[in-house]
Amino acid sequence: MRTERISIRQFAWMVTVLLVGTSLFTLTRQLPRIASQDAWLSYILPAIYAFAVAALFSMLAARYPGKNIFEIAREAAGRWAGGALNGLLIAHFLLIAIRDLKLIAFFSQSTLLGATPIEIILFLLVLATVYYASLSIEDHARVIELIFPFMVLFTLITPFLLTGDMNLSRLEPFLVVHPGRLGMSSLIQAASFGDLLIMGAFLHTLARASAIHVALRKGILISTILLTAILLLIINVLGEDLASDLTYPAFTMIEQLQLTDFLDRLEIFILFVWVPFATMKSVLTFAAILYGLSSFFGHRSMNRFHIPLGLLLLFASYFSFDSVIDVFAFSMLPNVLNQAAVQIVLFGILLLAVLFRRTAGSSNDTDHASPGLVRTTALLLAAAAILLPALFLAKTHAWVGDACALGYVCLLLLAFASSYSEVREVKKIE
Amino acid sequence: MNPLFMLLVPLLFLGAALWGFGKLKEAGRGERLLAGAILGVSLFLYLCAVLDYEPWMPNDLYKRLAIWFQHSYIEES
């Protein structure tokens, strides 16, 4: 079996593609519907939850070095139970791939390819996905490395290009939403962060468990910052009412970009990044399914089943989700239940198997509680804790809401900076 | 269904079958069976599309829940 290796940075950026990829089109509309102008604060609990998943992955990778989640499941839970678990994971990933492909197809049809039938767009997307499957995961990582800087660059320059359309009063008063509503929007976003499970299929691409841990945490924090920034901008530019009424508020926001009179279709350039960014999420999901299928036969080949699976994906996505509203509706409570069921079963069985089976190889990673790791986690928890007093006091004391929102942003940025120093620490050890 | 799509897909099936014969020659019986099963399900879905019949899809499982949540929680707020 050829050993596939990618860097910590590539792994982290793959995580970002998975977490941001299609959230950009779905939840930027749905979250303001639930948590009004405070929807941009819905990412902190999902980030904490994703940190917990990263810790579980790291623990499994430390116990079963050089193996992906499918191989770990078969080794830990045995041939039959592990096989059933892998079947469940493959079905789950297939549903994610179908949802994402259909969403990208609907989005492309309504923004770029108005006259093209949906099945032809799906066909082209599946063709690209199947082509990528004939390559290796290292190639996927390199393509993501090409797109990712543009994604960050556009997110960074958008506020400067939209200064004329921004109005801070659309975000105010801060933290006056009912805590239950903020909790619900966080839960829905957390389910979207559940797509992190797909990274389990690529655990074998990094040699050390500590490297996997820091890469996952770095990717989660980049995604949290990017999504927070984008939703903050959407509400700041469009307002919560318009953001929740429009089909694609993120697209409408970038439509407002204008540099000069002759450069007023800047959104086309941004779509050149957004659409491949989202498509790469489907590519990674497809690769994960292929790894899952090949794990039944004891190898890690992506190009054994890619064509038949591509055809299945094409027709399954053609018949699933009649409209984009169906995709949006599925991304809410149904996704929460779906992710919860799969993750409870998967991690429950794996943890039990790890606890009761002592046959697996133990790790030589002793840096699980490195200072950087503790610092980043503490900063993230502090960012969540700082919101609590404001949720109860901001209605009567607006300044508490303002101060806590500012503190939240500062702590989130500090946690992000801390995750970079974590990576440096691990690289030094390596 | 788009006529171009209807023409392209049989060609794809033909290509997939030819590829299957070549690629899976050295593979085991299990792999050939699995590839055949996936192709079979795809062919069934293609026939459904041609005959304008809507088969059950996994996301239908969640449809009622999705509609309930959309109406009772989001739109009433």
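Residue 1 is the first one shown; counting continues down the chain.
A Cβ is built for glycine as well, from the same backbone N, Cα and C atoms used for every other residue.
Feature annotations, courtesy of TrEMBL:
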| type | residues | note |
| --- | --- | --- |
| TRANSMEM | A:12-31 | transmembrane segment |
| TRANSMEM | A:43-64 | transmembrane segment |
| TRANSMEM | A:76-98 | transmembrane segment |
| TRANSMEM | A:104-131 | transmembrane segment |
| TRANSMEM | A:143-162 | transmembrane segment |
| TRANSMEM | A:182-207 | transmembrane segment |
| TRANSMEM | A:219-239 | transmembrane segment |
| TRANSMEM | A:268-293 | transmembrane segment |
| TRANSMEM | A:305-321 | transmembrane segment |
| TRANSMEM | A:341-360 | transmembrane segment |
| TRANSMEM | A:372-392 | transmembrane segment |
| TRANSMEM | A:398-420 | transmembrane segment |
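Between the transmembrane segment (A:12-31) and the transmembrane segment (A:76-98) there are fewer than 3 Cβ pairs closer than 8 Å, counting only pairs 6 or more residues apart in sequence, which means the two stretches are not in contact. Taking every listed stretch (A:76-98, A:341-360, A:398-420) in turn, the largest tally of C-beta pairs under 8 A with the transmembrane segment (A:268-293) is reached by A:76-98. Between the transmembrane segment (A:104-131) and the transmembrane segment (A:219-239), the number of CB pairs under 8 angstroms, six or more residues apart, is fewer than three, so the stretches are not in contact. No contact links the transmembrane segment (A:341-360) to the transmembrane segment (A:398-420), because fewer than 3 Cβ pairs that are 6 or more residues apart lie under 8 A. Same-chain neighbours of the transmembrane segment (A:305-321): 94, 97-99, 101-103, 105, 118-119, 122-123, 126-127, 129-130, 133-134, 286, 289-290, 293-294, 327, 330, counting only residues six or more beyond its ends whose CB sits under 8 Å from a CB of the stretch.
The stretch with the most CB contacts under 8 Å to the transmembrane segment (A:219-239), chosen from A:182-207, A:372-392, A:398-420, is A:398-420. Only residues 6 or more beyond the boundaries of the transmembrane segment (A:182-207), in the same chain, are considered here, and those with a CB under 8 A from a CB of the stretch are 3-6, 8, 11, 14-15, 18-19, 23, 26-27, 30-31, 34-35, 38-39, 41-47, 49-50, 53-54, 57, 60-61, 65-72, 89, 92-93, 96, 137-138, 141, 215-216, 220, 223, 227, 281, 284-285, 287-288, 291-292, 300, 331-333, 335-336, 338-340, 342-343, 346, 391.
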